[in-house]
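Everything below concerns the one structure shown next.
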Amino acid sequence: MFSESSFNEKLEIIKTYNNHKSNVLPKGMLLTNAKHLLMRKLKFVYLLPALALLASCSKDDPNELEEVDGTETAVEMVETDAMAEVANADAPGSVREMYFGGHKVPVEEFNGEYVYQGDIILPNDMVSAEEVQVVYDKGDSPENKSVGRTSARWPNNTVYYAIDSNLDNKSRVYDAISHWESKTNIQFVERTSQSNYVYFVSGSGCSSYIGMIGGKQNITLSSSCSTGNTIHEIGHAIGLWHEQSRVDRENYITINYGNIQSGREHNFYTYADQGFDGAEFTSALDFGSIMMYGSYSFSANGQPTIVKKDGSTFNIQRSGLSSGDVTGINNMYPYSSGGETEEEIYVNGETYYISGLTVLRYLDTWYFSTKYGYKRVELINDRWYWV
């Protein structure tokens with residue numbers, strides 16, 4: 001996950017702190033020793049894939065996090081930054097504003113993909129450079145609706161999945177799936193012929209789509225993505241935003257935008273800020289959530305990007321789902337007593353009434369009848385758009 005250039009950037013941060021913030025590192029620590037200390041820290045990070053679930057078992061609750069020791073702030077920042085998930089670990093993509101779900105959102109673009117909040121992939125066929133008009137059935141009014149990410153839930157609490165044969169360290173996927181199944185009401189079933197499924201594949205970082213998008217959806221894992229990172233990305237795939245994206249976060253944290261890496265500010269917006277749909281499934285922000293950033297995630301200058309309301313900092317955790325995570329997920333996916341777990345099948349040539357619109361299924365796509373004939377439409381966040 002660390003290139004030589006990014007490693008040197010971290011050393012420059014420590015050099016700055018040595019020169020101007022003598023209280024940050026232990027007194028007498030030389031820059032020549034800083035690299036040695038960093039390498040020790042990084043080796044610890046690289047061991048996380050093997051130790052992640054063991055660490056989870058050794059703690060009563062991942063919520064029980066210690067605040068960052070002020071004497072290790074710079075080194076802690078390096079470790080924390082390493083654990084925060086990004087789709088491209090080498091460098092951020094070019095940032096541009098695109099339309100998604102009827103709203104303009106800032107995204108990073110690289111390798112033909114659009115990335116939101118660092119590791120969330122937006123479907124290409126739902127992103128456009130220009131605003132797409134919403135389709136309204138007769139009698140409907142063109143008002144914004146908030147339907148929540150529950151519109152992208154996996155039916156019957158069942159996530160179908162497949163693993164690319166070339167993905168290294170497949171055990172992190174199996175361990176992450178086992179962790180999810182042992183803690184929540186969600187079951188994971190290896191795909192046979194199902195059309196909607198998660199596909200674990202190698203990539204340049206850790207990334208996932210939000211919720212069930214329909215069809216094959218990738219979770220990308222570089223060799224540096226740990227079991228904990230995999231648990232995090234599965235969280236996105238079942239519909240979870242980052243914990244700091246809650247609309248009520250101002251009651252618990254302060255975002256220091258001046259300390260965030262240029263082009264990564266949008267990683268810290270709430271889902272409501274950008275017009276995304278969402279819902280809170282727990283009563284308060286969970287600092288121990290596996291979906292939560294740490295205080296130094298995406299820091300540009302070694303200063304904290306997120307602090308508690310009292311100004312104190314906190315660590316990121318990627319050991320496992322916290323008790324708050326489990327409560328929220330089981331509220332989102334209540335217990336299912338069983339029954340048919342196959343996804344709903346739409347038959348080509350048939351019409352259906354879905355989300356306020358009567359649509360025709362043809363060649364596995366949707367069409368809406370107008371006075372000019374049938375026009376193709378797409379369902380995004382429970383709203384229909386012209387394609």
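Including glycine, each Cβ sits where the backbone N, Cα and C put it.
The structure displayed is predicted, hence computed values, not measured ones.
Feature annotations, reproduced from TrEMBL:
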type     : residues               : note
DOMAIN   : 145-336                : domain 'Peptidase M12A'
BINDING  : HIS232, HIS236, HIS242 : Zn(2+) binding site
ACT_SITE : GLU233                 : active site
Message: Restricting to the chain of HIS232 (Zn(2+) binding site) and a gap of 6 or more, list residues whose Cβ falls under 8 Å of its Cβ, or answer none.
response: GLU85, ASP119, CYS206, ILE290, MET291, ARG318
Field: Sequence-distant neighbours of HIS236 (Zn(2+) binding site) in its chain (C-beta under 8 A, six or more apart)
entry: ASP119, ILE120, SER208, TYR209, ILE210
- request: Looking only at C-alpha atoms, tell me how far GLU233 (active site) is from HIS242 (Zn(2+) binding site), rounded to the nearest Å.
  value: 10
- prompt: By a simple count, how many Cβ atoms lie within 10 Å of the Cβ of the residue listed as 'active site', its own Cβ left out?
  reply: 25
- line: Near Zn(2+): residues not in HIS232, HIS236, HIS242 with Cβ within 8 Å of the site Cβ centroid are GLU85, ASP119, ILE120, SER208, GLU233, GLY235, LEU240, TRP241, ILE290, MET291
Statement: Within 10 angstroms of the C-beta of HIS242 (Zn(2+) binding site), the count of other C-beta atoms across all shown chains comes to 25
Message: Looking only at the domain 'Peptidase M12A' (145-336), what is the model's average confidence as pLDDT?
response: 89
